[in-house]
Amino acid sequence: RICYIAPYDHKTCAAGENICYLKAWCDAWCSSRGKKLEFGCAATCPTVKPGVDISCCDTDNCNPHPKL
């Protein structure tokens, strides 16, 4: 699997990591900078805390930056 790890960078995931994910959450600067984003690979869709949005997918490069 190939997943984004930053808005313009992607990588080949480790063996067994077949899920791409994109986490989004607000911090103190959310109103001016927007949500913080975390991209990556995982074996399963990560569990998140309340207030954190996550989307998981299982095709190459399926976790792009939402505004690009």
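Placed from the backbone N, Cα and C atoms, the Cβ positions cover glycine too.
DSSP classifies Cys3 (disulfide bond) as strand under the three-state reduction. Here Swiss-Prot flags Cys3-Cys20 (among others) as disulfide bond.
As annotated by Swiss-Prot, disulfide bond applies to Cys13-Cys41 (among others). Within 10 Å of the C-beta of Cys13 (disulfide bond) there are 19 other C-beta atoms, taking all protein chains into account.
Within 10 Å of the C-beta of Cys26 (disulfide bond) there are 14 other C-beta atoms, taking all protein chains into account. Among the features that Swiss-Prot reports, disulfide bond is placed at Cys26-Cys30 (among others), with the record citing similarity to another entry.
Listed in sequence order, Ile19, Tyr21, Ile54, Cys56 are the same-chain residues six or more apart from Cys45 (disulfide bond) with CB atoms under 8 A from its CB. The annotation disulfide bond is assigned in Swiss-Prot to Cys45-Cys56 (among others) on the grounds of similarity to another entry.
Under the heading disulfide bond, Swiss-Prot lists Cys57-Cys62 (among others). Secondary structure at Cys57 (disulfide bond), as computed by DSSP, is strand.
Fewest other C-beta atoms within 10 Å: among the disulfide-bonded residues Cys20, Cys30, Cys56, Cys57, Cys62, that description fits Cys30.
Considering only the disulfide-bonded residues Cys20, Cys26, Cys57, the residue whose Cα is spatially closest to the Cα of Cys41 (disulfide bond) is Cys20. When the alpha carbons of Cys3 (disulfide bond) and Cys26 (disulfide bond) are compared, the span between them is 23 angstrom. Residue with the densest Cβ environment among the disulfide-bonded residues Cys3, Cys41: Cys3, by other Cβ atoms within 10 Å.
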